[in-house]
Structures are given as structure tokens and as C-alpha cells.
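Reviewing the structure listed below.
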Amino acid sequence: MRKNFWGFIIATTFFIVGVFTLSDYGINVDEPAHFIRGQAYVQLLLTGEKDYSNEQLNAPRVSVWKFPLYNGYFYLNRDTGHPPLNGILAALTNRIFYEKLGFLGDLESYHLFEVFVSSLLVYLVYIFTAKHYGPFAGVVAALSVGLYPLFLGESHFNIKDPVETSFYAFTIYFFYLGLEKNKGRYFLVSSLFFALAFSTKFNILFLVPTILIYLIIRRPPLGKTPLTVWLSLLVYPVIVLVIYFFTRPYLWADPVGRFLETFQYYKEIGTGSFSDNRFLINGWNSYPLIFVTISTPIVILFYAGAGAVTGLAGLREDKSKFSALILLWLLVPIVRVTLPGTSVYSGVRQIMEYIPAMAILAGMGALTIKNKLANYIGKTVSVFIILVSFTPLVIAVIKLHPNENVFINALAGGLSGAAEKKIPGAGESMGNVYLQGIGWLNENAEEGSHFGLPVGLKSNVPEQFLENGIQIGPYFSGMKRDGEYMIEKVSVGDPLNPDLYNFAYLERFLEPVHEVKVDGVTLLKIWKNDVDHTKQGFLEEKEIKYHLRKNEDGSLRLEFDEPEFLTRLEVDHFSGSCEAKAKGYISYSPDGISEVFSGDLYTLQGPYALSLQTDSRYVYFFAATKAVWIKIAITEANSCLAQVKQMRVYGLK
């Protein structure tokens, strides 16, 4: 411990600060599903029971993510997607620190697991770096990973990526120790961490090419390898698969078939074309590299660049080829989502495994610079200057708190510059910011107020933080203006479809009552849907005259004498011996030339819109949509909607 004292201090500080700030962070949009499944599997693995007992569900403290309907029976038959181990481990910390001891809140106790594992990574980065380059490089590396804004922020509320990153790093570390010491036990420990990573997310599979390339570069003397090492490598994949199988009960009924299901899932989410052609170069996607560059603090980027140069320059003399391993560790996760046909979205959190490698390179680079400076200003002053160079970063993350994960550096002009350039993923909070919206509602909304989310799911909001009788639900009333609040996170590229009526109505008709902003960029908006907050000119409607044309394909086109800003379409139709709900769509033309898809005929537009639908009346809302004509396309000839009695179109007055 004395040898790694400074690493222990930095990691412990990271953990203590992380624990004391847990309540400042919200919930990641992916986390509820992991928490619910984790609880169900903990129940199954610890007790053998597939359901919760009444005693458990009526205990003094019960997690809101312990759902009776989503129990072992459910997940044994339906559990595709990411593996569940991270959720299982988080559910265990919840059961101990919330349900049993009551030391932490419900959500915070799940997040305790994430902060703890992330703290271990900070310590490991110090050890790994200091082992080769000494304590100074270790300190800089530990500071670099602990202060890396994306990692620092999401270590509090991301159930997958920081956890996977930590297990990934431990896998590399012990594999490297196995090579260095030529002992099988280190490979066995590495296999355990590979299993933990594999049972969290399949990203660990890309460590395989990293290791293979490294072995080719290092060329270890195979003739001197003891039998215990060969045996440990032989059982390595067996250990991984056994742990994966044991911690994913869904596989028990059909190991091969359901294992392949998961591979198919990863293939679907990891492949495809990138939608922004600005970043494509002959099919190669430059977006990941660009986003890594602009989301890395410049001080870390500078030292890591120096470290990369140092590592490459000294590669020939480096017998262990340690710098080659670190460079491969950095590059492979980035390159794999740069290849043609691969996909990444909402920034680079999905490939967070590169961060520890960048931190180690920063330690290497800082050491090189310190040694150069020491020739001119002395060792003490050079150490002081380099450590002080992290001060602006410390100040920046304090100012950003608890939105550290939206950090963008000066190369892009900060977050505001990235938003202005419309770089996808800029400002993406992954749901963390919803808690800040709840805080505003608790302080400013009337007692007993209702609110909803136009795009996000109810599960994205940690309801246990709501106060004063405020309730969340499907309360969107549209043009009825019942006075409900609506909140939604926003970023570049999110919502994916900003023209979706529920969101577009809020943006076009209402003035926000509050916005959460970072660097002048809005991360979350809160609206109050009432007359007082409706924009001028958006209150009154008029009925619009139209000319009806029936197209050869059977669709109906309603043409207007001039462009109108539409608010709704009403169709009175026959009912009875016909198909009640038609399949088809609504489209419109803003200029008389282009045609824009508006939505499916029966797309969800909120409870108010639904309440207006009857067996003989169809209602479709527009969010002040500019159009010179609209088209109703119906695919079923026997649809009731196709048997029109009368149609009315309304727009802004």
C-alpha cells in the first residue's frame, strides 16, 4: 500500500466525492431495465425463487425497481440485449445499502456499485502506470482518468460503460502480468475479469485482436513458457463461458440458440450506416475520432499526445513493448467504430474503454515533459507546473457538475461551438438531466401538479425524488391546454424526430418556463401547457377551405389556396361493417413540390387526441405545420376512414 500511496489517495478521494454527490445525479435512460432485471436474477440466484414473496414486497424499504410482474418467470423466457451481470451486482448493493441497512437512497445504492468499480479503475491506472514509469506518471494518469469528464460524470449513473471499462482494464492488466511474470495464476485472474466484462457488455471481445497484435509485436519466448501458463490459457475461455452462462439464467433453457440471439443483437446495434455524411470519408467514419478529440480535456490530450510520441520513439528499446500495448488499447476501440459499416451514436460513451489507455499515455507524456523541463527549471518546479496544469480542468468539472459528461473542449469552441456546428451527441445527458428538472418542479410547480414527457419514457424519471404531490404520467393535453408541465432532454440529434407532434407542439406553441443550460446550450426544457405560456399568434384557430383531389392510388389530397399553418384534421366517416382502424399515413407539402411524411394514421399524439377519436370520427393534430396540401393515404379499401362523410381542416388564425 505504501508503494501505491498516492494512487490510493486519488482513488479514495474519487470514491468519497462520488458517494457524497450520488444524489446530484439522475438516472441513465438504460438503467431501469437493468435494475429491474438485476433484482429478478438476484432473487433467482440467491433463493432459487422465480417470484418475490409478499414479505419482500411489503418490507419497510423496497426498491421501486423490484417489479412483481418482471420476475424470474419473465426473464427466463424473455431476456435479449446486453448481459445482466452489472445489473445483478448493482441490485446486490441496493439490497444491502438500501433495503437492509438504509444507508443510501434507492437509486443511490444502485449507483454505489458503479462509483465503487470506477474508483478501482482509478487505482488500477495508477498502479499500471507507476509500475513502469514511477509515481509521478502514475499520479498524472490517475488524475487524467479520474477527472476525465465523460468518465467522471457517467461513473455516477451509467450501469454499462464505466463498469465495462473497469473490467476491461483489469483484464488487460492481469494478462500483461501473466506475460511479465510467466505465471499461470495471473492469466486465471485475467480470465475472471474477462468474464465479468463479457457478462456486462460484449465490447470485451475487441480486446482479443488487441492482445493478438500485441503478442505479435512482443514475440514472447514460447519455449520458456511453463505448463501452468499453457493450462491457464487453455481454461481461460472455459472460465469466461461458465461465468457468463451462470450469471445469465435466460441461457439455461437453450444455451446455444439464446447465446446467438445476443450476438445478433450486437450485430444490429453495432452495424449500419452513419447518418451524417459530413463525417464519412470513403465509407470510413471520422466521427468517433473527432468526438474523442473534442471531448477530451486539452491538458489530457496534450500529455497523451506527448506520451504517444514517447512510446513510439522508445518502442524498439522497450523489451515488454508496454507502450505498444497501451497504444493498441487506445486505438482498437476507436478504430472498430470507424470501419465502414459500423455504427456509434450519442458521442463515444459506448467505446469508453479507450479512456484508461489515454490516461496512461498522459502519465507517460507528463513524465517526459517533466524530465525535459527539469533541465531548465529544476525537478520540483517542473512537477509543480504539470500538476497545477490540471487546475483549469478541476474548475471546469466543478462548474459543470452534475453535467460533466457533456464537456466539450475549446477545439470545438466548447459545448456551444459543438452545438452550433451540429455535431451529433453534443449536449447528450443520457437522462441524467431529468433529475434537475424534477428539482425545479419541486421548487416552482404548484402542489399536486401533473407533468409528462413528450418523447422520453416514464421510467426515465426517478419518481422517488418527486415532492409536493407532483405526479408524472400521460398528461399531455395538447391544444386543450390543461396546465400540465412537460419536460424533455434535448441535444444535437435528440429527439431523433423533432417533428413528432408531442414534442413539436411544445417547441412551436409554448414558451419554456425553465431551461437547464450548460455553456449556453439547453440540455432540458420545461414547459407549462396553458394559455399564459402560449406564444402570441398560437391561441386561435380557423377552419381552412380546401380543394379535394382523389389520387389514382386511392389517397385523398386536400389542397389549399395558399400556405397554411395547420393544427388539425377532422374526418367524419361511416362505421359498422368496415375496418375500424386503417393502416396508412399522413403526409404534406410545405412548398407544393416536396412531400414530407407526417406520421402513421393512428400515431400516438397524447390522451387528449385519443379522447377525440370515436367510431365515426378521426382526428389528427399538426404542430402549426406549414403546408400547401396534405395527403391521407389509406391502404385498406374496406377501412371506415376511407368512407368519408365530411372533412374539416384547421390552422392558426
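Note: Cβ is positioned from N, Cα and C throughout, glycine not excepted.
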6-27, 358-379 - the one TrEMBL records as transmembrane segment: 6-27
Contact between the transmembrane segment (381-400) and the transmembrane segment (229-247) (at least 3 Cβ pairs under 8 Å, separation 6+): no
Two-stretch contact, the transmembrane segment (6-27) and the transmembrane segment (134-151), at least three Cβ pairs under 8 Å: yes
Remote residues contacting the transmembrane segment (322-339) - C-beta distance under 8 A, at least 6 residues beyond either end: 132, 172, 176, 203, 206-207, 209-210, 213-214, 217-218, 270, 284-286, 288-289, 292, 308, 310-312, 314-315, 348, 350-351, 353-354, 356-358, 360-361, 364
Any contact, the transmembrane segment (110-128) to the transmembrane segment (289-315), with at least 3 Cβ pairs under 8 A: no
